[in-house]
């Protein structure tokens, strides 16, 4: 359990070039300002001015870390070592992002907050056996660090203490590289280092198939405007991409490159996770955000590196089960630039 005296607070990471505000409520990035062309700063993440709306559940997972298991679990059920577990059906007919009160809605404990040239903040959370229906106690830590003038690194770790359990964490920030209040992201271009997606059924649960993207609206193997084929995929993209051919850098694969033509801002994302949910904010609808901004459909895009959705029930997907004493490790590197 978290320390009962722990309250939600804001912590700043600032290296003189970029600044990030993060709260221990769900390890949530509430603001991230980076330079665009002419060195002009803009806040490129969707969010709120105060912690109140986050506490009230007004955010559709803006900026937070979701868990114990990110994404959807079919019918909120899974079997592990012959025991069936039932989870809250918080997104009928499935369980989503850890249940009613997942890691994103918990107040984490502060471990340390370092200032200086490479500022960082580390949070920890202890999930207990049976929490939101999941088995076993789990110790979780998350560290955000500015590793260069315009790079943010996130290291997530989790250790089951006494029972095997599925673990798959994801960082759910909504990005708009033109500025959080600039409208929609349909003119952003994106490249995703994935030759396949995991197609879904009518309840957005993967069918188990690994489908090549070539010749489909899901093909982002080359830099392409987000809005170019979006009308061909229903209400927008909300699909898991199989990260299978990105070049590697210190153990991380190149997952995606996003570019905003108006500000020339670029975000390159590197990760060691097997999949990435590319989500175009399809369900965002009139959310009153920071500085009087109103966020509508497609106001931001999410690049949620993750284990595959419903992997716990899909034997051909990479396993998300972690054994007691083993360590789950998930690193994301967000590199900003101008080009």
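Glycine residues also receive a Cβ, built from the backbone N, Cα and C atoms like all the rest.
Over in TrEMBL, the protein carries these features:
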ACT_SITE  172  active site, proton donor
ACT_SITE  304  active site, proton acceptor
BINDING   71, 72, 172, 173, 174, 238  beta-D-galactose binding site
With neighbours defined as other CB atoms within 10 A, the best-packed of the recorded positions 238, 304 is 304
Candidates 71, 72, 238, 304 (recorded positions); nearest Cα to the residue listed as 'active site, proton donor' turns out to be 304
Least surrounded, by Cβ count within 10 Å, of the recorded positions 72, 172 is 72
Between the C-alpha atoms of residue 71 (beta-D-galactose binding site) and residue 304 (active site, proton acceptor), the distance in angstrom, to the nearest integer, is 9
Taking only the CA atoms, the spacing between residue 238 (beta-D-galactose binding site) and the residue listed as 'active site, proton acceptor', expressed in whole angstrom, is 10
Integer Å value for the Cα distance linking residue 304 (active site, proton acceptor) with residue 173 (beta-D-galactose binding site) is 8
Record-listed beta-D-galactose binders 71, 72, 172, 173, 174, 238 have a maximum CA to CA distance, in Å, of 18
Ordered by sequence, the long-range same-chain Cβ contacts of residue 173 (beta-D-galactose binding site) under 8 Å (at least 6 apart) are 29, 32, 45, 46, 62, 63, 302, 303
